[in-house]
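> Have a look at the structure that comes next, please.
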Amino acid sequence: MAVSPVKVDLEEAREKSFRTTISTPKDTDVGSSLEWTHLTFSIGDKKILDDCSGMIRPGELTAVLGPSGSGKSTLMNVLGGRQSLKGPGKTFDGAVSFNGKVEDPVEFRSRIAYVMQDDTLVATSTPKEILEFSANLRLTGSDKKEVDELVTNLLDSLKLTSCKDTVVGNEIIKGISGGERKRTSVGVELITKPEMIFLDEPLTGLDSYAATTTVKVLKDLAASDVPVMVTVHQPSSEIFAMFDNVLVISEGSIVYQGPRKGLVGFLYENGGYKCPSNYNPADFVLYKLQTEPRENILALADAYRSSFEKRVAPTIEGVRAKAVHLPDVRSKARVASMRVQLRELMKRDFRDVIRNPTVQVIKVCMTIVMGLIMGCVFFQAGADEPEIFWLTNRGKFQSYYGALVITCVGAMMGSAQTTILRYPEQRAIFVREYASNIYSSIPYVFSQTLLEVPMAFIESVIQIIIAYFMINYQGSWILWVLTNLFINLVSASFAQFLGAVANSGAQAMQFMPLLFVPQMIFSGLFTPMSQIPVWLRWLQYLSFLKYTACLAYFNEFGFDMTLLNEANDIHSDLVGLYIGVLLAMLIILRILATIVLKRKSRFVY
């Protein structure tokens, strides 16, 4: 049975529930603080944050509690500069200050370590290698001895020494435990010795021991005057007791922020909700937030706002007034040179290929199987015959030409599908690392490209070895390999661009036919361009399959079969242009993928 809310004098409640003094960096000269006042954030008609005010201080571990969809993650994303506040339908109001200096949160995001809910780590790397990768890219100017010492100390403090040389793993590759994976994610962000740490649902999916160990590590970090804020869904009594402060949010409104021990008293004195003895206060408050009438919860939020305005707001305004003349808060991150970024990325990518050869083995096996199938279907279709023979034997020509086309289409689809399937996992890692300013987008895409070239070359050689001799192709073997390599790389570039634009792997797979079916339709290989509506014919110039198939055609039939070329609407004088267009497509698509990745990764949400 719900207890009716009772009206209590706010001054009395203040004395009982908030027995703590406000300490700021100016008072203590230790650590950093973050203050926010009257934050309101809406998307369309939905108000996600509603007049939120509060602060976090040095040396305190703060739990953010609230039902699903209450605005926990959004609040932390806004404060950490990870939430896009501008755009169609978005409205934002309020002020956020770092050590009293009011700034756009984006300006100080590099000073706040942000650990996402999902541990997006390279599955084939070990905790030690992951921390070394982060250190080599973020600690510019440090020598190897300093990096090794820092990594060793972090592994020890995060209780990762015993598993430092075990791969992280994923759903397929067996690796370290969930708790160890989470602490590795924390370690990546601690490399730069951040001034604050935010963690989004770090205990999700962890067992009791792993969750307790993780919070103990965070408690130790907070004890070193680093504010730590953690969103938690339903902490146990033991875990809840480790937190110093609690921030409770419901439907975008902060209901309470203050000492953990003051939460129960606040609920009783401002709402009449008495938590039973030996009952987890976290469970109690979450239950009340989801079962009590909305007006009762709003009354608690109003009580908190009133107390905040009387007790905390004047202090924040005073700190901000003193900080007005201080230099603007700017990123303290120092990004490594392009050369170092490319070196570290290529080293990691190459290690990933070596330790997880399954993907490459499957690709090679698929290439062999498809090559054998095509070889059997078009067995000995090729022949070295004069032009008049092909003009008078259209059936044999169609079989020969069909083999050529299917070879090109098979290379296109195989390369694109493999890239699409792998890209979601790779992009998730990029988003986290780019948002943390570990490296920039250009060396990332360049590293991916440099690694793709030898793999695509190997696949092309295997496919052409099988097709060339079984189908009895007559053209230059090496030109066939180069043509196939072109198809592989341009197709992978299209797929990479598609993966960057799409919001998920499933969405990218759904878009894939929309992009690649027109490649075949407008290539002129299946339907003469004269039969396609005039207003759609311009799309042929965007079909890289058209250009690569033309190169393969001239490699097989040469440039002298004028009548045959005219019959198939192929122009020998444009071969140089075809090669130039393919190179331009390869470069432009990679650049576009880089731009899209950069724009979509500026904000995590």
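Along the chain as shown, residues are numbered 1 onward.
Yeah, the Cβs are placed from backbone N, Cα and C, and that goes for glycine too.
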> Quick test of your reading of TrEMBL: among 240-262, 401-423, where does it put transmembrane segment?
401-423
> Give the range, chosen from 284-306, 514-536, that TrEMBL lists as transmembrane segment.
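Based on what TrEMBL states, transmembrane segment spans 514-536.
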> Counting Cβ pairs closer than 8 Å, which of 361-381, 401-423, 444-471, 514-536 has the most of them with the transmembrane segment (575-597)?
444-471
> Which residues of the chain, 6 or more past the ends of the transmembrane segment (444-471), have a CB below 8 A from one of its CBs?
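341-342, 345-346, 349-350, 353, 360, 363-364, 367-368, 370-372, 374-376, 378-382, 403, 407, 410-411, 414-415, 426, 430, 434, 477, 480-482, 484-485, 488-489, 492, 496, 590, 593-594, 597.
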> Grab the same-chain neighbours of the transmembrane segment (477-502) for me: Cβ-Cβ under 8 Å, and only residues 6 or more beyond its ends, written as numbers and ranges.
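Distant Cβ neighbours of the transmembrane segment (477-502) are 407-408, 411-413, 415-420, 423-424, 427, 445, 448, 452-453, 456-457, 459-461, 463-464, 467-468, 508, 511-512, 515-516, 544-545, 548, 551-552, 555, 582, 585-586, 589-590, 592-593, 596-597, 600.
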> For the domain 'ABC transporter' (34-276), provide the mean pLDDT of the predicted model.
91
> Near the transmembrane segment (361-381), which same-chain residues lie under 8 Å Cβ to Cβ, leaving out any that are not at least 6 residues past its ends?
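Same-chain residues near the transmembrane segment (361-381) but 6 or more away: 396, 399-400, 402-403, 406-407, 410, 414, 418, 455, 458-459, 462-463, 465-467, 469-472.
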